[in-house]
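Trainee: Below are the features I grabbed from Swiss-Prot:
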type     : residues    : note
DISULFID : Cys2-Cys19  : disulfide bond
DISULFID : Cys5-Cys27  : disulfide bond
DISULFID : Cys16-Cys32 : disulfide bond
DISULFID : Cys20-Cys34 : disulfide bond
Amino acid sequence: MCIPCFTTNPNMAAKCNACCGSRRGSCRGPQCIC
């Protein structure tokens, strides 16, 4: 879990990746998962 995310926002994937650092982040449900 990293930051809250919204699947309707096309920029969330990039924000999840940035929040997770080198690990690939993904937006699942209400949270970014690392």
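Backbone N, Cα and C atoms are what each Cβ position is placed from, and that goes for glycine too.
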Trainee: Please work out which residue of Cys2, Cys5 has the most C-beta neighbours within 10 angstroms of its C-beta, and give that one of the disulfide-bonded residues.
Mentor: Cys5
Trainee: Whole-number answer please: how many Å between the C-alpha atoms of Cys27 (disulfide bond) and Cys20 (disulfide bond)?
Mentor: 11
Trainee: Check each residue in the chain of Cys32 (disulfide bond) that is at least six apart in sequence and keep those whose C-beta is under 8 Å from its C-beta; list them in sequence order.
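Mentor: Same-chain residues close to Cys32 (disulfide bond) (Cβ under 8 Å, separated by 6 or more) are Met1, Cys2, Ile3, Pro4, Cys5, Met12, Lys15, Cys16, Cys19, Cys20, Gly25, Ser26.
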Trainee: What is the Cβ neighbour count of Cys27 (disulfide bond) at a 10 Å cut-off, with all protein chains included?
Mentor: 21
Trainee: Quick one: among the disulfide-bonded residues Cys16, Cys19, Cys20, Cys34, which has the most Cβ atoms sitting within 10 Å of its own Cβ?
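Mentor: Most Cβ neighbours within 10 Å: Cys16.
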Trainee: DSSP secondary structure for Cys5 (disulfide bond), reduced to helix/strand/coil, please.
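Mentor: Once the DSSP labels are grouped into three classes, Cys5 (disulfide bond) ends up as coil.
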